[in-house]
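Going by TrEMBL, these are the annotated features:
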DOMAIN    38-162  domain 'AAA+ ATPase'
BINDING   GLY46, PRO47, ALA48, GLY49, VAL50, GLY51, LYS52, THR53  ATP binding site
Amino acid sequence: MEGNSTIWIEKYRPQTLADMVGQAEIVERLRSYVRSGDLPHLLFTGPAGVGKTTAAVALAKEFFGETWQMNFRELNASDERGIDVVRNQIKQFARTSPLGGATFKILFLDEADALTTDAQAALRRTMENYAMTCRFILSCNYSSKIIDPIQSRCAIYRFKPLDGGAVAEQVRRVAETEGIEITEGAVLAITEIAEGDMRKALNALQGAAILSTAIDETMVYETTSTARPEEIAELLDLSMTGDFAGAQGALRYLMRDRGIAPNEVINQCFKAVVRGEMPTALKVAYIDHLGEADFRISEGADAEIQMEALVALFVLSAQKQA
Ligand SMILES: Nc1ncnc2c1ncn2[C@@H]1O[C@H](COP(=O)(O)OP(=O)(O)OP(=O)(O)O)[C@@H](O)[C@H]1O
C-alpha cells in the first residue's frame, strides 16, 4: 500500500482552489480576487475540517506562485507559548516588505476566536497599521466571537459543513489512489460519522485502512469507536417500549464492551431521535433529556451515572406517553 506513513489529510490537501470540493461560491469569489490582483482582509468562519486553512494556503499559492512561502505565514492564535509570542510574530511578519515582486503578504491567523477582546483590539490596530504590506485572513468557528471593528474590516466568508456527496466522492477517490477496496456501506458510514468534516472523514478512512486493504462498514465503526445505527436504534426502541433492563444492557454493551464514549452515544442518539419517526411529544422529551445529560457531563458530572439516568428518563417519558 502506498504512502501509509504520511497523514492522508495532508497528502490529499487540495493544492489549488480548483481542487477543493464543495464551497463552490466561496471558491469562485476567492478566485476573483486572484484575477483582480488585490485582496481585502478576510474572515473565514465555519466548523472544523471544511477547507478554511486549505483555501487560505491555496489562495496564497495562486497569488504569489513560486514565492508563496516567503509571503505567506500561518499562525495559531491559541498558541500555547502565549499571546505575546503570537503578537510579536504577527507584527514582525506584517511590517516587513513583501518579497519577490509581490505587492502584499498574507498572514493567516487560525483560531482567531481564541483571542481575548483586548488581544483582538490590538490585532485590529496591527491590521490597520500594516494594511499596505499585509492582508490578514482570520479563521474561526464562530464569527460572533470576533469583535465588530475587526468584522467590519473584513470580507466575511461562511464555510458550511461539506455535503455528504462531496465527502463520499473524496473518500472514494483517496481509497482508489491508495489501492484500497471500500464497500459503499463503509463510504456511507464514514460520510455519516464525518458530518461534513473532511478531516474526520479522511482520518476515519486512514484509521480503517490500518486494519486491511479491503474496508467494510464494521471496520469503520470499530476503528472510529462509533455505534452502528442499528445499535442506537435498538437502545432507543427498548427504552420506548419501557424495557429499562434491556435498554440499560444495550447502553452498557456500547460503553463497556465497545468502548464508545458517552458523548458519542449522546451525539448518535440525538441524531437518531431528530431524524427518527416518533410521536412529537416523546421526541421533544428525548431531546430535552439528551441536552440535559450532555450539559451535565460537560460540567463534570459522573458520565456513567448520567448515561444510566438518561436511559431511565427515556423509559419514564415513554411510559408517560403510553
Ligand atoms: N473543501 C475541501 N476539499 C477537499 N479536501 C478538504 C476540503 N476541506 C478540507 N479538506 C481536507 O481536510 C483537511 C483539513 O482541512 P482544513 O485544514 O482546510 O480545515 P479547516 O476548515 O481549516 O479546519 P480547522 O478550523 O479545524 O483548522 C485538509 O487537509 C484536506 O485534506
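The first residue you see is number 1, and the count goes up from there.
Here the Cβ of each residue, glycine as well, is placed from N, Cα and C on the backbone.
Because TrEMBL annotations are produced automatically, they should be read as predictions rather than curated entries.
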Report summary line: Mapped onto three states, the DSSP assignment of LYS52 (ATP binding site) reads helix
Requested in this report: Pull the DSSP breakdown for the domain 'AAA+ ATPase' (38-162) and write it out as helix, strand, coil residue counts.
Outcome: 56 helix, 28 strand, 41 coil
Query raised in the report: Among the binding-site residues PRO47, ALA48, VAL50, LYS52, which have a Cβ atom lying under 6 Å from any atom of ligand 1?
Result: ALA48, VAL50, LYS52
Query raised in the report: Where's the emptiest Cβ shell within 10 Å among the binding-site residues GLY46, PRO47, GLY49, GLY51?
Result: PRO47
Report summary line: Out of the binding-site residues ALA48, THR53, the residue with the smallest number of other Cβ atoms within 10 Å is ALA48
Query raised in the report: Among VAL50, LYS52, all listed as binding-site residues, which has the most CB atoms within 10 Å of its CB?
Result: LYS52
Report summary line: Note on ATP: the CB centroid of GLY46, PRO47, ALA48, GLY49, VAL50, GLY51, LYS52, THR53 has further same-chain residues inside 8 Å, namely PHE44, THR54, PHE159, ASP197, MET198, ARG199
Query - For the domain 'AAA+ ATPase' (38-162), mean pLDDT (0 to 100) - result: 90
